[in-house]
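See structure below.
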Amino acid sequence: MINPVEALASVSGASAPAIRLILSVLFAYPIGVLYRQLKGGSTLRNLYIASTGLSIVAFNYGTDIYHSLLAVAVTFLCNAFLGKSSLLVPVSFSYHMGYLLIGYYYTTSDTYDIKWTMPHCVLVLRLIGLAFDLADSRKKEADGKPDAKCIPAPSLLELIAFTYFPATVLVGPQFSFLRYQRFVAGAYEPHTQNAPAYAMKKFLQGVFYLVVNQVGTQYVSDAYLMSPEYEQESLFMKHIYLGCWGRITLYKYISIWLLAEGAAVIYGLTYIDAKPGDREYCTDELSGCSNIKVGVFENTSKYGHYVESFNVQTNTWVANYVYKRLRFLNNRMLSHLGALFFLAIWHGFHSGYYITFLLEFMVIRMEKEVEPIFAKNEKLQHLLQQQPLLRALVFVGLKYYTIVWAGWCLVPFVFLSFHKWWHIYTVVRFSGFILFISGNIFLAPLLRAILPRSSSSSSSSSSAAKPAAPQTGGASSEAKKDN
């Protein structure tokens, strides 16, 4: 008998695990449609979500499902016995991260493999976040200041359903137990009547990006960057290829996140019932679990826009549970480095992860230094307003900068092993290191000398009592509140 997964893998050229992953994300759509027809209470809903989510994980990883089941069991025991103890967070954090890292140690290869560790890294953040939220809730109650965001410890059934939510169990996005609790209780139902249409929009976007990725990799592939043919290209064309390759590679992640988001929308999980920050939302806004801001991503004019738009829910999680928790360091730069180091080790042990996030820190720091210099020069801003040709040239230059150098920074993240990404960087003559290291040291002082502040800016800054606090890229200084 023909195995349909193997048959699809043979026809498409993708691996069997990748086909199972795509099929599982697509299965979540009809599962979500059936969920919307359920008429029972929260127990029936939790039971349906738990059983379907467990089935999806078993379909992908077979007996390796025991890793996640063990994580749920340990979390339940920690909540039961350490729920009111100060040990809850450190024990939960140490166990889940430790287990994940041991898993990486025993399963890691030279390529990015779809193994049980992939959904487990999603699960780890979800369950560690739950521990933080429970600890915060107990502290508020002990201080006599409980609020609407305080949560009780979930029952075993709730915990399983929360962990194995079908639309997000394999690739995310992250969401809090508070959101899940409100969702299962039916609080979002009056606002999700347009969910099918919005889900279809996300589905079509996901399919579009998946097709572009599959077609694009036929022309600019990972193998090409390692080939002798790539070495023969001119230095300029090598960078152009790097930019195109990086963009196409990012579309792979964007496609799967959009497909997963669409499935979560079908359930009704993604309603925004509060206003994070200052942004106003419509009454039936359904982007509460968006992991990619397509508009921002496609209109990037600086590297910071990638941070703002890409893997949004994971970045928000890190901002809330790592960056903000490092405030005791009393140094935003150290908190930023700590958050990026956590992201690197959460991905695994490959050197490429650490180089990628180090490059992110360098680029964000450079942009934070340089951007205000341009913005505060009134002559330059006036010239840009008056000269359409100059604006067009700046637009093209910024597109080259954001696309080409994003591809350059992505090389270690994709190729992982030192000998691979070092080879590619050797071929392009380490241009990015030269740009970003020298940019961090020399660019801001050079621009200040060439583009001095206007007299009005200088006088206003000198009269200020205190200088403005520096902003930190990568982890939002004011982390979004999870709804």
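Every residue, even glycine, has its Cβ placed from backbone N, Cα and C.
Small disclaimer: the values here were computed from a predicted structure and weren't measured.
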Matching range for TrEMBL feature annotation, transmembrane segment, among 114-135, 158-179, 334-355: 334-355
Remote residues contacting the transmembrane segment (42-59) - C-beta distance under 8 A, at least 6 residues beyond either end: 20, 24, 27-28, 31, 34-35, 65, 68, 119, 157-158, 160-161, 163-166, 169-170, 184-186
Candidates 18-35, 334-355, 398-418, 430-451; stretch with most C-beta pairs under 8 Å toward the transmembrane segment (87-105): 334-355
Surrounding residues of the transmembrane segment (430-451) on its own chain - C-beta under 8 Å, 6+ positions past either end: 235, 239, 359, 362-363, 365-366, 369-370, 373-374, 377, 380, 405, 408-409
